[in-house]
Amino acid sequence: MKPFDCHVLQESLLSSASGYSNYRGILNWCVVMLVLSNARLFLENLIKYGILVDPIQVVSLFLKDPYSWPATVLTMFFISVTLQGTISETTGTFLYLVNLTTLLFFPSATVLTLTSITPVGGAFALCVYTILFMKLYSYKDVNMWCREIRHTKARPSVAQSNGSAVHAHVSYPGNLTHRDIYYFVFAPTLCYELNFPRSPRIRKSFLLRRLFEMLFFIQLLIGLVQQWMVPTIQNSMKPFQDMDFSRMIERMLKLAVPNHLIWLIFFYWFFHSSMNFVAELMRFGDREFYQDWWNSETITYFWSNWNIPVHKWCLRHFYKPLMRRGVNKWVAQTAIFLVSAFFHEYLVSVPLKMFRLWAFMGMMSQIPLAWFVGRFLRGNYGNAAVWISLIIGQPIAVLMYVHDFYVLHYVSQS
């Protein structure tokens, strides 16, 4: 190259052949534009509706009537029986099936029959019982597997970690204690083990940070719902009644932004702040509650990584047993979506006391969507398709249920 030459053979930075990948400035620009656009929407909301945030209103829902508490009381009731070799395998399986069936149908029957239970309280109670159902199902399976490999005696031996004693290693049937099952019930996992990984100590600073996040984000969630979601949903009823499709689409897109923001905040509040708080308090060592679902390039990758406790349970207690029985892989995956669709509908329709199957159909629609994205879209296009399905799909379901609830409880009565 001569001293006066200023050109070399090279590609433009934005060309894929250049190999350039440092787009941090563009990412920062996107964040700034996102903040400014949402700030405009927030200011518009304040000008139009004023300040609607009222934390006292949420508390008053439970305090104004003493009979609005059954949902809370309902979550405190469940039956667990620890039997150590006193009955046959068949009888034990029958009793467990009765118990697990009761865990699903007794709460739903109570929510449907008691008019004092609010939709929010009913949904909370059913969520608790669904989690308990999955935990006890795992508890049954693991102990059955232990019996199959004929572990007949507990052989405790104290292990050492960093020079300090940790919990004793326990073998079956030494795990069949009330202390063991209650630890599992409150632990942030759905899959039972005889010996959970345990952290050496409770980190107080970490615990306080998670507690602060829990308190802050739950208030933020309530405020966003009251200030942003409720007015938008209320203004969406007339276009649905008039079947004005252009206005319906506009309302859906307007609802998409606050709904998605609330969903993201809820994800962080529940899967990071809350579950890490419980795990730290109980010294539960496995903190993998989620993986990088935001990088999902396929629908199946998203569902496998955004909720790791449920994914592990489905894989361990549903998918693998089906595969061991010779079931086709595609059929097993479809069965998992079918079960997931049932529980989504169960947790929405029963508290609302109406059955419309929107959540069920939304979950089942993930099967053809997963096939389409996996077959025709790759890389960034697949990731964009996943984000679009999350941003647009949820508001559609929300508007469907709110519209039907409004028609059922207000229009029909008037």
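Glycine residues also receive a Cβ, built from the backbone N, Cα and C atoms like all the rest.
Record features (TrEMBL):
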type: TRANSMEM; residues: 26-47; note: transmembrane segment
type: TRANSMEM; residues: 67-87; note: transmembrane segment
type: TRANSMEM; residues: 94-114; note: transmembrane segment
type: TRANSMEM; residues: 120-137; note: transmembrane segment
type: TRANSMEM; residues: 211-230; note: transmembrane segment
type: TRANSMEM; residues: 261-279; note: transmembrane segment
type: TRANSMEM; residues: 330-349; note: transmembrane segment
type: ACT_SITE; residues: His344; note: active site
type: TRANSMEM; residues: 355-377; note: transmembrane segment
type: TRANSMEM; residues: 384-402; note: transmembrane segment
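Here the listed stretches are 120-137, 330-349, 355-377, 384-402, and the one with the most C-beta pairs under 8 angstroms to the transmembrane segment (94-114) is 120-137. Each of 211-230, 261-279, 330-349 was scored by its Cβ pairs under 8 Å to the transmembrane segment (120-137), and the highest score goes to 330-349. In sequence order, Ala359, Phe360, Gly362, Met363 are the residues of the chain that are 6 or more apart from His344 (active site) and have a CB within less than 8 Å of its CB. Remote same-chain partners of the transmembrane segment (355-377), defined as residues 6 or more beyond its termini with a Cβ less than 8 Å from a stretch Cβ, comprise 297-300, 303, 334, 337-338, 340-342, 344-345, 347-349, 385-386, 389, 393, 396-397, 400-401, 404. Residues 104, 108, 123, 126-127, 130, 300, 314, 318-319, 322-323, 355-364, 366-367, 401 of the same chain, all 6+ positions outside the transmembrane segment (330-349), place their C-beta atoms under 8 angstroms from a C-beta of that stretch.
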